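J.: For reference, the structure I am asking about is given below.
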Amino acid sequence: MVPPETNQWFALMIGNTRQHWALFRGEHLSRTWHLTPEELACNPAQDYPNLPCWGASVGSVPLHQVYPRAIALTLEDIPLPQMYPTLGLDRALALWGALQVYGAPVCVVDAGTALTLTLANDRREFAGGVILPGVGLMARALADYTAALPYVPLPTEPPRRWGTTTTTAIASGLYYGTAAILQAYLDAFLQEFPQGTVIVTGGDRPFVSELLRTFLDSDRWCEDDHLVFWGIRALRNPAAKIEMHPMERIDEFH
């Protein structure tokens, strides 16, 4: 067990497939963990069992089951106007975090189990969004729900647009199909909000970011793996001074 510092605290988001932990010292994020189901036996609570914790769960595991001392955040805790009652708490927290760090208007592209786009307008109000199957989910669904199609991992480089085998045809659909969907939605966002910023986050962020590089100017978007943590931080201490987190820092924490 690590002796805690007095200003240390946890942020915790329990997702559909992973647990996301962050260790803060005051307002500074010092370490993160993104745990798969196989890794849950070694969660950070073993080393820091008595720290305060603020968090939320959108998965099947309740927050208190993972960390009994945790303060559970709800949608009602997020002062974001125009949210609908069934908006995913993870989406709301990520959007709230993006607003604190990057300002408005903003579109959060979360490339997780689902691929979601969540918007805030220039009045810092929730302005709608989109829910699509995640790119990994699309790949698995083709293999799981058809008799003859194989599982094809996400392409690591642009494939041929017109596949000449089953595998290359699926790879093309995953790559160019997802790119076309994102381009259509993000073009519409930037047409409506010319000063808007796009922030990419989530487990498949590297793949989605590669797609955005093919059609979106670099000054219109950035990457940030910690939007939910910024949102939790802002709810824990609304008066805290928020520092910027440029995209080159996203892999600083492990």
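Quick reminder: no glycine exception, Cβ is built from N, Cα and C everywhere.
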J.: Given that Swiss-Prot annotates MET13, ILE14, GLY15, ASN16, THR17, ARG18, GLN19, HIS20 as binding ATP, state which candidate in THR86, THR113, THR116 belongs to that site as well.
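T.: It is THR113, as the record lists it for that site.
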J.: Across all protein chains in the structure, which of the binding-site residues MET13, LEU89 has the highest Cβ count within 10 Å?
T.: MET13
J.: Can you give me the Cα-Cα distance between ASP110 (K(+) binding site) and ARG91 (substrate binding site) in Å, rounded to a whole number?
T.: 8
J.: Looking only at MET13, ILE14, GLY15, ASN16, THR17, ARG18, GLN19, HIS20, THR113, the residues listed as binding ATP, what is the longest Cα to Cα distance in Å?
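T.: Overall maximum Cα spacing for these binding residues reaches 14 Å.
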J.: Hey, does DSSP put MET13 (ATP binding site) in a helix, a strand, or just coil?
T.: strand
J.: The record names TYR84, GLY88, LEU89, ASP90, ARG91, THR166 as the residues that bind substrate; what is their largest Cα to Cα distance in Å?
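T.: If we measure all Cα pairs in TYR84, GLY88, LEU89, ASP90, ARG91, THR166, the largest is 41 Å.
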